[in-house]
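S.K.: Okay, these came from TrEMBL:
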type	residues	note
DOMAIN	173-317	domain 'GAIN-B'
DOMAIN	321-577	domain 'G-protein coupled receptors family 2 profile 2'
TRANSMEM	327-350	transmembrane segment
TRANSMEM	362-382	transmembrane segment
TRANSMEM	402-426	transmembrane segment
TRANSMEM	433-456	transmembrane segment
TRANSMEM	479-502	transmembrane segment
TRANSMEM	528-547	transmembrane segment
TRANSMEM	553-576	transmembrane segment
Amino acid sequence: NGAICIQPCSPSFHGETSFVCEDRKWHMLSDACASLDVQSLFQVRPGHGKPGDGAKHLGAVNQNCQADFSCIIPDILSSPAIPGNIADIVELLKKISLLLSENVTRGKMQGYSRIANHILNSSIISNWAFIKDRNAGSVLLDSVNLFAGKLLLRNGSESIQEPFIATKGYSIHRNTSGKSFDFSMEFNSTGNITGHVVIPEEELLRLPRASKAISVAFPTLGAILETNQLDPALVNGMVLSVSLPEELQNILLTFEKLDKLEQGRAQCVGWHSAERRWDPRACEVRAHSLTAVVCACAHRRRTYRSFSILMAPAAPRSPLLDYLTRVGLGLSIFSLVLCLAIEAVVWHHVTKTEITYMRHFCLVNIAASLLVADVLFILAAIVHNTALNYQLCVAATFFLHFFYLALFFWMFTLGLLILYGLLFIFFKITRSVFLVAAFSIGYGCPLVISILTVAITEPKNGYLRSGACWLNWYETKALLAFVVPALSIIVMNLIVVLVVVVKTGRSSTGEGCKSRDLSSMIRVSKNVALLTPLLGLTWGFGLATIIDSHSLAFHVVFALLNAFQGFFILLFGTLLDRK
């Protein structure tokens, strides 16, 4: 039933159900062990436990236990830190991090730290060498980082100290002077060692809004982390882990040496969890003395660009999405440049009538708006990745917002033009009236919406989202200033397509000729294929990414349909035009 054995039977376990330990890795002193139903901690549905297995008893205190893990801590702390127990406690901490890391309160973090502290005690570090999973130390580090990163800060700061693991957190924002974290921790009976984390003030200026920084110190973890390197180096200090907003990239770390008599060359490194090794590219030595080393570390994570971020509150980190976005935008930009070049060459030949002039005028502005928007999408990603400055990110977002809105409003103008050609045959408008109306709709409306969005949300630091130069969602819902106009235009253009289908399919009605019916179906299909990219109907799939922003499949489909829109405009709007 998912129960794990924590320690040999003892008087403190009277009343609990006992069972025979089948797994000898526990090295138990007795075959009969008390069962601790850890599954009850994770809210197992009633009925999963058998009568008398302890699930009912612990299930009654489920909510209280999840608040601070008090129902399991006494048993864990009284268990011997032998290899089998250490391995399963690491697995327990991993499950807690994955399943119970929402709204990590001070009580939760204290309970979690007490459990981790039990297996990080310097007196039992040698037992880690006998654990079968050589990656256990790295798993522990990742689990603690994940859990601590969700710590809620009361009154702007939090500090939780155990002898062998300490967690500190601070609220940070652009106007904060350089923040620092100081740790002084027990390593063994001979004394303490210290660590120091500094976030430079110039880094804090990159923050778009108030955020938080969490740091965790491990004085003994360096002896536990096992690398795949043939010549592993000695870790001569504590391990400092720092969780920062993506905008912050550079920090300073000061390590007091454990062995101050060591005269060898010091090296600053960062732990690479995926490859299970120390990475010398992550940090460099800034200063070195007999007692301490100052390291400058780059807090860089691979940022995956996803085209679906334009409509979704969040996009999953996926190399597939990144690849589709890169290829799609590259092909789209090339196709749009070619499209505009062809239009320039044949312009006088295809705009001899008023209606063809208006259609090609809309097509050129659609292509130009999308071309500029796609280029800006790439530039905005570069700005964010290199973190040039906050103001540049705001500017990139403003123009990105404006030109993608212009794309939609020009597609809306084209839709109105199609309706005009179909329904108002005897009503003529002059070219000058059309140009004034088209520019007012195509560029005037996007400009008003873009300016209002930045004017309303930027003073509250709610214009940008965290992790990208694009509109905020979770704090101010600024993204709605793009999503609502876009979806509204898609609905209007869908009505236009339905009108076109009805009009073009009417000629074969009642004729009873299969060949004419087939010809009509082909004509309707061509019209739908032609109008779908030109009127932006494929963007309607963005609604799926809004409803379920965690579904990778929805994001992939959206990227396939829309990152390649420039290519489809070239194909259906230009190359398949017989003129």
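Each residue, glycine too, has its Cβ placed from N, Cα and C.
Structural setting of the listed features?
M.R.: With DSSP states grouped into helix (H, G, I), strand (E, B) and coil, the domain 'GAIN-B' (173-317) comes out at 11 helix, 58 strand, 76 coil.
Beyond the ends of the transmembrane segment (327-350), by six or more residues, the same chain brings 307, 356, 360, 363-364, 367-368, 370-371, 374-375, 377-378, 559-560, 562-567, 569-571, 573-574, 577, 579 to within a C-beta distance below 8 angstroms of the stretch.
Sequence-distant neighbours of the transmembrane segment (362-382) (same chain, 6+ residues past either end, Cβ-Cβ under 8 Å): 303, 305, 307, 310, 329, 332-333, 336-337, 339-340, 343, 393, 396-397, 399-400, 403-404, 406-407, 410-411, 413-414, 417, 438, 442, 468-470, 534, 565-566, 569, 573-574.
Below 8 angstroms of C-beta separation, residues 310-311, 313, 401, 404-405, 408-409, 411-412, 415-416, 418-419, 422-423, 445, 449-450, 452-453, 465, 470-473, 524, 527-528, 531-532, 535-537, 539-540, 542-543, 546 of the same chain, each at least six residues beyond the ends of the transmembrane segment (479-502), sit close to that stretch.
Beyond its flanks by at least six residues, the transmembrane segment (528-547) meets 308, 310-313, 315, 363, 366, 407-408, 411, 414-415, 418, 483, 486-487, 489-490, 493-494, 496-497, 500-501, 554-555, 557-558, 561-562, 565, 568-569, 572-573, 576 of its own chain at Cβ-Cβ distances under 8 Å.
Sequence-distant contacts of the transmembrane segment (553-576) (same chain, six or more residues past either end, CB-CB distance under 8 Å): 306-308, 311-312, 315-316, 318, 320-321, 324-325, 327-329, 331-336, 338-339, 342-343, 363, 366-367, 370-371, 374, 529-530, 532-534, 536, 538-539, 541-542, 544-545.
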S.K.: Can you tell me the mean pLDDT for the domain 'GAIN-B' (173-317)?
M.R.: 80
